[in-house]
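Taken from Swiss-Prot as is:
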- 2: N-acetylserine (MOD_RES)
- 51: phosphoserine (MOD_RES)
- 84: phosphoserine (MOD_RES)
- 89: phosphothreonine (MOD_RES)
- 91: phosphoserine (MOD_RES)
- 95: phosphoserine (MOD_RES)
- 98: phosphoserine (MOD_RES)
- 251-300: repeat 'WD 1' (REPEAT)
- 304-344: repeat 'WD 2' (REPEAT)
- 353-394: repeat 'WD 3' (REPEAT)
- 403-443: repeat 'WD 4' (REPEAT)
- 448-493: repeat 'WD 5' (REPEAT)
- 496-536: repeat 'WD 6' (REPEAT)
- 542-581: repeat 'WD 7' (REPEAT)
C-alpha cells in the first residue's frame, strides 16, 4: 500500500507540475496578446492608463472588501503550495461555503485560527483491462502527456546559421565533385579480379536467359490452332525440331565427338568437340554445356583443353563435374564451380595410365561407391577415383585369347551392372568382358560386322520383362545389328541405311525402340514391335551433314544428334512413339521369339544349301 501511495503522490506531483507549465504558457500568451492590443490603442489615441500593478492592487482591495476585510487588515493567508491546494478538509470547505454565502453583506473582521489537518489517502480500486492492438501503416498521434514531457526535456541547442551555411556548402561541394577517374592499371586489376569474374560470369548468364526467353502470347487454349495440325496429330507427330545449338567460335568447323545428358539436371547437355583445323591458335579440345530450359543461344559453360576431346560425360553423383577423354590419352576433369575453363584435374601421361586416344568414359556404381571407367584404343581399361586422378585404382589389358590387344572404339554397361560390359572394336568384332573375378578380361567374341564398330548400347528400358541381355551395334558396314549375350551371332541385321552408321542407342523408356544416325544426316527411329524392315520414323537434318552421335534424354521424349559441322539438333519425339503402352514388353517378347524363329529357319536353309 505504501508503494502505491507513493506512486500516486508522484503522479499527482507530475500532473501539478504539468498544469503549472500550461498555466505559465497561457499567461505568457495572454500578456503578449494584451501588449499587442495596448500598442495598437496607443497608436490611435494615446491615453494614460493605469499600470498593471495598480490594477492588481485595486482588484485585491475589492476582493478583500467583498469578504469583509479592510485594506488595513494585516491578516493575509500565506500562499498555498500546489499539493496543499489539491487536498482540502471539510472544515476549509465549510468556511469557503460560509464565505461565499456572505457576499454582498458588510460584516466585522473574522478571527482566524490554526487547525490540524488530517490527510487520508484512499487507494483507487484496481481495474484490470485488456487491450487488443492492430498494426496499421498510419502513424499514431502522440499523447498530450508525452508531448508535455517532451516539452519539459531541455531541447538541444539549434545549429547556428553559420554552421548551417558551412554544412550546405560542404554538401554542395561533395555533390559537384567529379568521381575519381580510375587509371588503366586499376581498371585492368578490377577486370581480372576473382570477385569481378565470378560476378560477371553469373550475371551475364542470367541476362542471356532473360533476353532469350520467348513466350507465345497468341497461344489458343480452345484448340483452334491445332486444326491445321490435325493430320500430323493423326500421323503421330513423330519427330519435330525443338532446338539447335551452335556457337560461332567454339563449335564451328569442329566435329561433335560425344553427347551426354545430366542425371541431376535433365535440361543440361554436354557435348565434346575435336580440334578446329582453321583455328590453330584455339584449344584443340572443347566441351560445351548447353541448356534446354532457357532459349539462350550461347552455351551455359565453356571448357577446353590442349588435346581433342573424344568422349565426355557428366560425373554421376557429382553434378558440378564433367569428365573428358582426350586424343592424347589424358582424362581431364572440369568443375563448373571454378572460374577457370581449363581442367581442375587431369591424369598423367605415363605407362600407368592411358597413352592412346580414350573414346569411352563412364561413371558406374552407386552414390557411396562409384568409379570412373575409361578405355583407350590400345585395349587398356582403367578404374579411377574422381577424388584422385594421379594414379588409377586398377588397370587391365583387354586381350582376346592371348592375341593382340583389342582396339576398343565403344563401350556399354548393362543396367545395374558395374562388372560386366560389352565393347566394340576397330576390326568389327564385339566382345563381352568383366572387370573382376577369375575370368576378368575378355569373355566372348561376337562376329557379324564387316567394318569397325562405331556405336554400341545395352538395352536400358526397365519393365515387366528383363531384356538386359540385348544390345545393338552400329558399324561402317552401313548396318545396325541386334545381339544377345546368350548367342555370339546377331539376332537381326537392320539394313535400311546407305551410308556409315555412326551411332545407335536404345530408348530409356520404350523396350522395343532404338535410334541410329548415319553419314547422310538421317535420324531413324526403329520400333521393333511395329516393323523390323523399315524405321518407324525418319528425319534428315538440313544440309545433310554426317551425324556422329545420338543421345536420348532420360525421359525418352527428346533426342539429341550431333553432326560433323559442330551443330547439335534436338528433336521432340511424338507421344505415340516415345511413350510405351502397358503391353509393349509382352509384345517385344513375342517379336524376339519371331526373330529367333526366323533366324533358325534361315540357318537351316543355309545348312541344306551347303551340301547341295
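Any Cβ shown, glycine's included, is placed from N, Cα and C.
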Legend entry - For the repeat 'WD 1' (251-300): best-contacting stretch of 353-394, 403-443, 448-493, 496-536, 542-581, by Cβ pairs under 8 Å: 542-581
Inset, instruction - Pull the DSSP breakdown for the repeat 'WD 3' (353-394) and write it out as helix, strand, coil residue counts. - result: 0 helix, 23 strand, 19 coil
Inset, instruction - On the DSSP side of things, how many residues of the repeat 'WD 6' (496-536) fall into helix, strand and coil, could you say? - result: 0 helix, 18 strand, 23 coil
